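These features come from TrEMBL:
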BINDING   13, 353, 354  Mn(2+) 1 binding site
BINDING   312, 317, 365  Mn(2+) 2 binding site
DOMAIN    5-404  domain 'Metalloenzyme'
């Protein structure tokens, strides 16, 4: 299958646009990442200026999702929308990164992840949240005779302040988890070693799989610095994800001869399945720069898939509302650069994988709808309304690229639409 078409997915990690219908089940009733950022700015008589996203239907999609208007418009002048716009509802059981990404690619996560909770050790409040058999075997295989620093449920930045000095003195890696299905390991790039950290995380992934513990990700969290106040994560994070249970959109595209180009952490999320090229980039600026340059050099018949993780990791989890707002405005300011490069065979899709409301209690993700915005040089403007699965995104791409349909999802394209014009 060869064609001249290209698809660019700009995945705004954690950019929810209103509580999901089942948000109450997750303790997230009322969560609204975009809406609460707008409200925060309005308190200080300031607007959240996203004119280019508004042009692509973001405000209209958000107001459909919320069933009410935003407090303040995203653009000083009401834009003429030039896109297909709507929102998607998550079917997957979790509100985590793999669940969202896999469902986008046509594979909703309908099974239960393994979560590390105190319920594994009832009656012993001081016991580790991690199964003893797993930790003991992991220490043995990893040759970690010095042991570990067990932080349990913790914030990734706080563990560095609390345990970083001890780690550097003892070389004990710091292990911790969150409300997601994750086993995270933090270690200093110099005192412990980056390659050593990656090695023990790979061992942890293999061991969890052997033991039948369906943990979504093992995450290596390298950091640098010389004191508790200076410790900072580096861009060398690596996620070791469990394999998707069936072929995703990426697999189908690769099998059909398409190029599937991962930018940022996409390859890790899909356990490198269906990826033909993986490009490392960190930070909003570099991620956008690399997306632009990759698009310009990409061959026809390509999917370029970029995850903008900073919305989630730097602002959502950190509950930094103003930081999130500024990041959104920066992202919005870069969109015209992409539009200037687009040829007539390319479509651009903006979506998210879950919410992470920076105004919400705690530090975890929030169960929300996600935006589904699609545009090109010649697309027909249309409200596509509520989509009943994130998988509608993947199914639409499969339809546009001319590959076999996915098991889940409904395409937004019609037989008379540009999707079928070669």
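Quick reminder: no glycine exception, Cβ is built from N, Cα and C everywhere.
Looking at residue 13 (Mn(2+) 1 binding site) and residue 365 (Mn(2+) 2 binding site), their Cα atoms lie 10 Å from each other. Summary: among the binding-site residues (317, 354, 365), the fewest other C-beta atoms within 10 A of the C-beta are counted at 317. In sequence order, 13, 14, 313, 316, 354, 356, 363, 364 are the residues of the same chain, not among 312, 317, 365, whose CB sits within 8 A of the CB centroid for the Mn(2+) 2 site. If you draw a 10 Å sphere around the CB of residue 353 (Mn(2+) 1 binding site), it holds 30 other CB atoms from the protein chains shown. Within 10 Å of the C-beta of residue 13 (Mn(2+) 1 binding site) there are 23 other C-beta atoms, taking all protein chains into account. One way to see the shell of the Mn(2+) 1 site is to take the Cβ centroid of 13, 353, 354; the remaining same-chain residues with a Cβ within 8 Å of it are 11, 12, 14, 15, 97, 100, 101, 312, 352, 355, 356, 365, 370. Residue environment of residue 312 (Mn(2+) 2 binding site) contains 25 other Cβ atoms, counted within 10 Å of its Cβ in all protein chains. Summarising model confidence by region, the domain 'Metalloenzyme' (5-404) averages a pLDDT of 96. DSSP gives residue 317 (Mn(2+) 2 binding site) a coil state; it is part of no helix or strand. Annotation note: residue 312 (Mn(2+) 2 binding site) sits in a helical segment as assigned by DSSP.
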